[in-house]
Amino acid sequence: MGLGKKLSVAVAASFMSLSISLPGVQAAEGHQLKENQTNFLSKNAIAQSELSAPNDKAVKQFLKKNSNIFKGDPSKRLKLVESTTDALGYKHFRYAPVVNGVPIKDSQVIVHVDKSDNVYAVNGELHNQSAAKTDNSQKVSSEKALALAFKAIGKSPDAVSNGAAKNSNKAELKAIETKDGSYRLAYDVTIRYVEPEPANWEVLVDAETGSILKQQNKVEHAAATGSGTTLKGATVPLNISYEGGKYVLRDLSKPTGTQIITYDLQNRQSRLPGTLVSSTTKTFTSSSQRAAVDAHYNLGKVYDYFYSNFKRNSYDNKGSKIVSSVHYGTQYNNAAWTGDQMIYGDGDGSFFSPLSGSLDVTAHEMTHGVTQETANLIYENQPGALNESFSDVFGYFNDTEDWDIGEDITVSQPALRSLSNPTKYNQPDNYANYRNLPNTDEGDYGGVHTNSGIPNKAAYNTITKLGVSKSQQIYYRALTTYLTPSSTFKDAKAALIQSARDLYGSTDAAKVEAAWNAVGL
């Protein structure tokens, strides 16, 4: 594939300056990440790319020997998170950059090694010029941080429940980069619950003072409004099980043993996941069951798509149960991935019909789960727009009849979004029209549902050039192998180009590059 000993050095130019001469690439000054800045830069001449062995020790030796490229030795400030081997036989070492042993929030470095044990790419955020210590000390315990986070969101731990899912609340000590380039210790607190309403909170608590630095509800939506009409009424096959003298919507047919389970909340917003949908016969035909039938059938197809194309076993690739709850609330105009499961409202009849009736929306939500467990793109600004875009793109890969997203559930307009023509639904289709919206709930966290139109159009350009079969492999590899939580549009472009080169060679990589050039990136 023409890799040889070429090294693609990926560094966040906002964290360190590289004296590398590249056409059209300039290092950023200071510590403020530029929205259109790539952290996937190319460098041909290196001291050594061949590893003595494909392991953590050898990778760090490589980084040390190439310290001139990185403006210092990054090996001492990287902690191995995981190492994986992909279907091509390539190995990928994912590291967390640390300050005084504490991981830096939303930053990763990935070292990529080919089958000949040559390093062919490095990408991520090195923070190689960071201070040796943080500006503050740890005085608040993790238990106290969790309590402060609950207070900040106005909830009591006893007043919320995660239903049948495991308690995933946690407080992890992280180093947070400040605007002046220094670092502070803070707890990255995750609070997830499904009642009295779905929430997936991230709260940053200063580890010294206990002050709240940031709080965000990251429940990820396919849409903000909806409508409600009856479902299509088509007859579809269902994988069910027989339990306690009745048939239930529990799919046990998957060869990996992963279960797909569908519940009915009966218009409640509490006691999730709800009641397991059941029938005295093998048929589920009542009008109240139709939303559940669609959710169950569509999610089975989405699971099959990810498994047959990528051998991915559930959203986390660990075989976790895939849970859906339908009839969430009364006229609830949304579908959402809550961090542990999917919920579907019935809509209000004016904009949406029941949201479980759309295959591409189901795929969109499932992909949020995949993203959460891989690139974990932060849900704001460009990373958040990429999060939404990758969900839309895989929504299309699951439902290739047209380029629209949500066309089966909208009532007052043809669809929610369009990959081929984002401007049809008030989205930009070129970076020149990027909308700098506030990073608030009212500003859609920097326009994650708005600016996703730009990478969506790039995806359309890619698919029309390469076809679905190649494009879906390229997009999956980029999402699971190269992207990191803080990846920007430029990073996504570089990751997709590299993925195309890995899989299909330089000709197709050039087509991906052209697809992104066409949207101003």
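Using the three backbone atoms N, Cα and C, a Cβ is placed for every residue, glycine included.
Look at Swiss-Prot and you will find 1-27 tagged as signal peptide, backed by sequence analysis.
Sequence annotations record features per position, and here Swiss-Prot assigns Ca(2+) 1 binding site to Asp360, Asp399, Asp402, Asp404, Glu407 based on sequence analysis. In sequence order, Leu359, Asp360, Ala363 are the residues near Asp399 (Ca(2+) 1 binding site), counting only same-chain partners six or more apart with C-beta under 8 A. Following the DSSP three-state reduction, the secondary structure of Asp399 (Ca(2+) 1 binding site) is coil.
The secondary structure of His368 (Zn(2+) binding site), as reduced to three states from DSSP, is helical. Feature annotation from Swiss-Prot assigns Zn(2+) binding site to His364, His368, Glu388; the stated evidence is sequence analysis.
Annotated active site per Swiss-Prot: Glu365, in sequence order, evidence recorded as sequence analysis.
Sequence annotations record features per position, and here Swiss-Prot assigns Ca(2+) 2 binding site to Asp399, Asp402, Glu407. Sequence-distant neighbours of Asp402 (Ca(2+) 1 binding site): no residue of the same chain at least 6 apart has a C-beta under 8 Å from its C-beta.
According to its DSSP assignment, His449 (active site, proton donor) is coil. Taking the Cβ of His449 (active site, proton donor) as centre and 10 Å as the limit, one finds 22 other Cβ atoms among all the protein chains shown. Here Swiss-Prot flags His449 as active site, proton donor.
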Using Cα positions only, nearest of the recorded positions to Glu388 (Zn(2+) binding site) (Glu365, Asp404, Glu407): Glu365
Residues close to Ca(2+) 1 site centre defined by Asp360, Asp399, Asp402, Asp404, Glu407, Cβ within 8 Å: Ser358, Gly395, Tyr396, Glu401, Trp403, Ile405, Gly406, Asp408, Ala415
Fewest other Cβ within 10 angstroms of its own Cβ, chosen from the binding-site residues Asp360, Glu388, Asp404, Glu407: Glu407
Distance, His449 (active site, proton donor) to Asp404 (Ca(2+) 1 binding site) (CA atoms, angstrom): 15
Ca(2+) 2 site shell beyond Asp399, Asp402, Glu407, criterion: Cβ within 8 Å of Cβ centroid: Asp360, Tyr396, Glu401, Trp403, Asp404, Ile405, Asp408, Ala415
DSSP state at Glu388 (Zn(2+) binding site), helix/strand/coil: helix
